[in-house]
Amino acid sequence: MIYQAETLQVKEVQDGVAEILFCAQNSVNKLDLATLASLDKALDALTAHSGLKGVMLTSDKEAFIVGADITEFLGLFAKPEEELDQWLQFANSIFNKLEDLPVPTVAVVKGHTLGGGCECVLATDLRIGDKTTSIGLPETKLGIMPGFGGCVRLPRVIGADSAMEIITQGKACRAEEALKIGLLDAVVDSDRLYASALQTLTDAINEKIDWKARRQQKTSALTLSKLEAMMSFTMAKGLVAQVAGPHYPAPMTAVVTIEEGARFARNQALDIERKHFVKLAKSEEAKALVGLFLNDQYIKGIAKKAAKSANKETQRAAVLGAGIMGGGIAYQSALKGVPVIMKDIAQASLDLGMTEASKLLNKQLERGKIDGFKMAGILASITPSLHYAGIDNADIIVEAVVENPKVKAAVLSEVEEQVSEETVLTSNTSTIPINLLAKSLKRPENFCGMHFFNPVHRMPLVEIIRGEHTSDETINRVVAYAAKMGKSPIVVNDCPGFFVNRVLFPYFGGFSMLLRDGADFTQIDKVMERKFGWPMGPAYLLDVVGIDTAHHAQAVMAQGFPERMGKQGRDAIDALFEANKYGQKNGSGFYTYTMDKKGKPKKAFSDEIVPILAPVCAAQQAFDDQTIIQRMMIPMINEVVLCLQEGIIASAQEADMALVYGLGFPPFRGGVFRYLDSVGIANFVAMAQQHVELGAMYQVPQMLIDMAERGQTFYGAQQQGSI
């Protein structure tokens, strides 16, 4: 043994050939701070080892190295710039040391080889993979960019254009593509991977492969003419500006880094990369996006714990109520391996549900995600039925009938008689209290809410609503089932609107009040989309949700929270509803809609809206962007905080993920609680108090006032690592 540490070991595997084996005690290998330090010492040991002819990098896991340890990022990023710069210099000195070994090096690449893992293998001379290999640099998705030499080495290995595509998109390449672009030198069968890599290294040792020339290319300036460079970088900047936009600076910074470093050799180019990385790491966007990644891991951990705690795994499911929503739920269940009965009282609805499932499967087929055989198998695992036959075998029932409490209660009561005492019943409702529906059941402990978002196949969030009598076993089984479906389940306690709709309607309330006071809804949409970063402004979102749906839900919320959400007379939603302007579904709402060539609705402003809104809106007046943002966001933020204060939602992490996954809250802001930490709770309280005359929606919750006085934050040190 040449060197041994907790996460890696170095030994001589044949005459003069040493193997660096990454072998962390965890389920995956990561380039955390400890592993980097061990790799540094391992390379020193190799340098001092006599008779060294070549070095192999291998992993004892299915994935080579999944990347750096993201749980350490926020702690590192919180350090002063000088310390962060020193850490990066240290990390880069390690990869330079690997690249500068006086012998050829080969990486044995399998499974996920991402981020720091990819940057590690880029420092080797040769890279051999198998068909499981997925290699890439996803850092821009976290608001940063490669900082271990990825912006320097990748363009020199595969060319600037391909490198910029991979880095700016945060893309991982499958083995075949990686081979085609030169990121891998060979792809072989898994059982031959080690032997092939060893043979490749032997060929390099025997000078059958010119590894020195390959290394020279990586450590020199990029070979681009002035014209080639101008065309390449100008085009890349244009594409990135169009796709990433102004709220996500990392992709553009990566392009600038590659451009600035192109004319320099490795060490100077690394200095440029380091300078830009530090700037990104200190940004609020990086803090928010890394925070979201950690929050996502947090809710996945909760789901895994629930699955382990559940006494029974869901093997079969049933959906009551077909149509688009029922078909979408059935499709998602079947796609993830849980056969499902889809029951309805109308054949036309069953046909619609099966058509929806077939349509979604055809899209998967067209994209090459599944083959015809698998498609047929998935479709066969959805059983449409007009009767309850076989439903007694279902472990979980998802009721997805019309949003009417009497109809839902009747259907749930009826199906309870058809199933065993262990069967879990759930209701896919967006507004009806779970405690109300539970009154119709003999076994309310086996019942909870399971709120899917539309379209089911795209929206990651599922709200799991705990009723007064819901048992822990029921929650555990439903959370586990939602996770099995590929969803992100978040448990909330019962209240009108649950969590997502409860916090959405004060936002719509702020919108209605702005219109009442003379604001232009098209300006509000532009500000909330372009400045704040929502995917849709409130008027457009209401049209997509459906004015009729929003009108109904608004009444439910007003009844549940009369002080904050009770209406003072008619508003814009009422006016449109009464004029039968329901939004996209009937072609006219705040905007008018026509279908484009692809069959997608395209919105346009029409003067016909003006007389409809006139009775409920003051004469138009100008509002500055900040006033619009404040008046829109304060009610939502206050309601989110109240939900945490009242225990409707358990944690800031779950709330922020629910907002991003369920409502499209701008990811670069990280969710409401991350946003509050970013702007400063005391600053938010002072800002909100300037608008308090607008009504109870603008009244700051006591929790925020107390936290502002104490100088507290929501995330504090709980997501901080240590350097």
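Note: Cβ is positioned from N, Cα and C throughout, glycine not excepted.
Among Y194, Y593, Y661, Y675, only Y661 appears in Swiss-Prot as part of the substrate site alongside D296, N501.
Checking the candidates S309, S381, S430, S471 against Swiss-Prot: the one annotated together with M325, D344, V401, V402, E403, K408, N454 at the NAD(+) site is S430.
Sequence-distant contacts of V402 (NAD(+) binding site), defined by Cβ-Cβ distance under 8 angstroms and a gap of at least six in the same chain, are G321, K408.
For the substrate site, whose annotated binding residues are D296, N501, Y661, the maximal Cα to Cα separation is 21 Å. Within the set of recorded positions E139, H451, N454, the entry lying nearest in space to N501 (substrate binding site) is H451 (CA atoms). The Cβ of Y661 (substrate binding site) lies under 8 Å from the Cβ of M459, P460, L461, S488, each on the same chain and at least six residues away in sequence.
In this structure, the C-alpha atom of N454 (NAD(+) binding site) lies 20 angstrom from that of D296 (substrate binding site). Straight-line distance linking the Cα atoms of S430 (NAD(+) binding site) and E119 (site 'Important for catalytic activity'), rounded to a whole number, equals 45 Å.
Looking only at Cα atoms, D296 (substrate binding site) sits nearest to E139 among the recorded positions E139, M325, V401, H451.
Taking the Cα atom of each, E119 (site 'Important for catalytic activity') and H451 (active site, for 3-hydroxyacyl-CoA dehydrogenase activity) are about 41 angstrom apart.
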